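A short worksheet on the structure shown next.
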Amino acid sequence: MSSILSMFNMKQEQASGRYLQHSRLWPWLSGMTSIILVTAIWGYSNVVMRQGEGSIAPTVLMWMRFGVAGVLMLPALIRIRLSWKNWTIGLATGFLLGISVLAQCWAMLSIPVDEVAFITALYVVFTPLAMAIIQRTSPSMRMWMAILLSFIGVALLIGKLTLNLHVGAFWALVAAIGLSGQIIFTTYLANTLSSIKLASLQSVGAGLTLTAAVLVQGYFQPSVYHGLFHWTATEWYFIGFLAVMGTVVAVFMQAFGQARISATDAALAFNMEPVWTVVFAWAILRQGMSVVQAVGAVLIVSSLMIVSTPKKGVQ
């Protein structure tokens, strides 16, 4: 009888274990799928930015993106309770976000969109390096290896530096540094605000920043206002996609995904963004890479993987 009971209990435990694995698998799959879809949206958004700035000034294009997104996400900030200090920090992260995406657009005027995506992705390497400097700690050997691989990768990706390539690479690096700063400031508010409210605050901050940028550029170059709001259906599609899908929907999907998978899994999945950019740039813009450039891209992704993968024993 006892042997029958023990066998029954064993079968119950096995069934319970299978149920537990099954119950954990689906949330993980849905979360990972959500994050990968977000990276695909961002990858396509990079291509849309390049297409849009062909007929709309980059400053105006990004102003419309975050202006529309900020208005759509404004309800999330209703009755939000923050100190003036946290309001300032939240809007400052939006300032860095706005400047970073604008720098990306400027970079795309000189170098291919896929190369911009890989260089900008170096914020994954720059962020922990900046944190080490701020905390006055020595970067680990893994960090130095990632930095070395990333800069070799950029050198191979860009190849011979002409003046235009030099300018494009500079703005892409500015975008990477700006995004690193945005992430560092974001961590300060992470325990105070939900990810959606924080993203809403940043969108408003980016919208205000780019409004100022448009006004300044318009003062020196009045032609930037030429044809303002009188865009074709295709141009409105570019703006709508960047604002709605590339910002609002992506934020909600990111929050949904990150609530269901570990930070490590999310960090590794986010490395797919430049890969998606290559796919869409090839399919839509017919931009390709040479073998040397492909090696450079692989080195950059390797550096991102090194930084994203935790040390042994760290979850």
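Glycine is no exception: its Cβ is also placed from the backbone N, Cα and C atoms.
Bear in mind that TrEMBL entries carry predicted annotations, made automatically and left uncurated.
Summarising the annotation, TrEMBL assigns transmembrane segment to 25-44, 56-77, 89-109, 115-134, 146-163, 169-191, 198-216, 236-256, 268-285, 291-309. The annotation domain 'EamA' is assigned in TrEMBL to 30-158, 168-308.
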Among the ranges 25-44, 56-77, 89-109, the one whose Cβ pairs under 8 Å to the transmembrane segment (115-134) are most numerous: 89-109
Per-region confidence, the domain 'EamA' (30-158) (mean pLDDT, whole number): 89
